[in-house]
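Peer 1: Below you will find the structure I want to go over with you.
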Amino acid sequence: MASMLASTRNPFSWFREPPYPGSRTLVFRRYLEPYARRTPTVPRFIRSCQPSDKVGGGDGGGGGISASAKRYHFGKELLSFASDNFLPLALVTGVGLGFANPTLGCLADKYSLSKFSTCGIFIISGLTLRTEAIGAAVKGWPLGIFGLASILLLTPSFSRLVMLVQLQPQELVTGLGIFCCMPTTLSSGVALTHLAGGNSALALAVTVASNLLGILTIPFWVSRYIAGGVGVSFPTDQLFKSLIVTLLVPLIIGKVIRESFKGFANFVDNNRTLFSRMNAICLSLVPWIQVSRSRSLLLSVEPKVFLAAIGIGILLHLSLLAFNALSIRILSGLSGDYNSKNSKGNGTAVLLVASQKTLPVMVAVVEQLRGAFGEPGLLVLPCVAAHLNQIMIDSILVNVWLRKSNASSTDVKTA
């Protein structure tokens, strides 16, 4: 009774001492013990200050995925797709820009941006060209000689089959026939070989040699297969000098820079992906400019006829791929090293380079013909589509090869 009265008189007196010694609770110790003796406590429950952004109402089961996580995952997948397919996307973007706004492409053509982009590609090729790769190119001379023979002597005969097709206007077929007589592409074959992990030095050697020697063979094949034996004059000296300035000089400049600055050479080797994408961007400038120049002609041609010409160009490139692939397999089988790493690298380089035809040289030849075989724009138009198609098809092949190579290397590491 007395204790009750005491607590009534002073209701806070029971905070001073616990009712029983040694029975202090956590709350009492927080108030009665000195600060230095207090120990941190961990709360048993954590409450969210903001509502959850889960989608689907997952209540502890783990089935819900937040909207921000979905956006992050989608962006990551999109970037991965763009990285894996950088070259095809760059080419498609160039074509789309050419159709959407031809003014910029025509302005770029006026200032010869395509020549600068081609020079840039070969400067980059010289920067990334290792000395040991040149030795590998020398060792791959048998396939290199076949590549030259295929480009300069064998594949021009495909123009006979092309000329059998009847289309109106006939210039569309004639242009593709002339296209067959051209040497290999100035840049895309080398760029694709580099991306595929093939022998880039061998691809460079075949590219430079075929374009320089092609100046001598083009007049003969065009006169024989296209003009029906009628002599056609070509500015051989002018084309030769142009190719020297566009191909050989930039390649030498890039190689000299690489050998002169070892630190820069290491930087290039450590950032080969960056330089490969720069190569792809330079390559995409060519179709952008060509589509911009030919946009009005493209819109003037009947769609069915133009689609037929595109189909002929696709069949032509697939035929070249099949012919060269079979020939390379036979030659590699005869040498007995088909499955070796060097043989595969050499075969990849020759297959890509020998199966493509160059558009810029074809345009230069058509311009020098001065309308002898028809409207120059209609002659060039199907070749622009064929040029784009061959790069797109080969870039898809390269992506497939890279994925298979990455998958096999992953399997080996796992095993």
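Even glycines carry a Cβ here, placed using N, Cα and C.
Per TrEMBL, the features are:
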TRANSMEM  141-163  transmembrane segment
TRANSMEM  175-195  transmembrane segment
TRANSMEM  202-227  transmembrane segment
TRANSMEM  239-257  transmembrane segment
TRANSMEM  278-299  transmembrane segment
TRANSMEM  305-326  transmembrane segment
Peer 1: Give residue numbers and ranges for long-range contacts of the transmembrane segment (305-326): same chain, 6 or more residues beyond its ends, CB-CB under 8 A.
Peer 2: 150, 154-155, 158, 162, 165, 167-169, 172-173, 176, 179-180, 298, 350-351, 354-356, 381-383, 385-386, 389-390, 393
Peer 1: Count, for each of 141-163, 175-195, 239-257, the Cβ pairs lying under 8 Å from the transmembrane segment (202-227), and report the range with the highest count.
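Peer 2: By Cβ pairs under 8 Å, 175-195 leads among 141-163, 175-195, 239-257.
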Peer 1: How about long-range neighbours of the transmembrane segment (239-257): same chain, 6 or more residues beyond its ends, C-beta under 8 Å?
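Peer 2: Counting only partners 6 or more residues beyond its ends, the transmembrane segment (239-257) has Cβ contacts under 8 Å with 115, 118-129, 186, 204, 207-208, 211-212, 215, 264, 361, 364-365.
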Peer 1: Take the transmembrane segment (141-163) and find every residue of the same chain, 6 or more past its ends, with a Cβ under 8 Å from one of its Cβ atoms.
Peer 2: 173-174, 176-181, 183-184, 202, 205-206, 209-210, 213-214, 217, 221, 225-226, 312, 316, 319-320, 323-324, 327-328, 331-332, 335, 346-347, 349-350, 353-354, 357
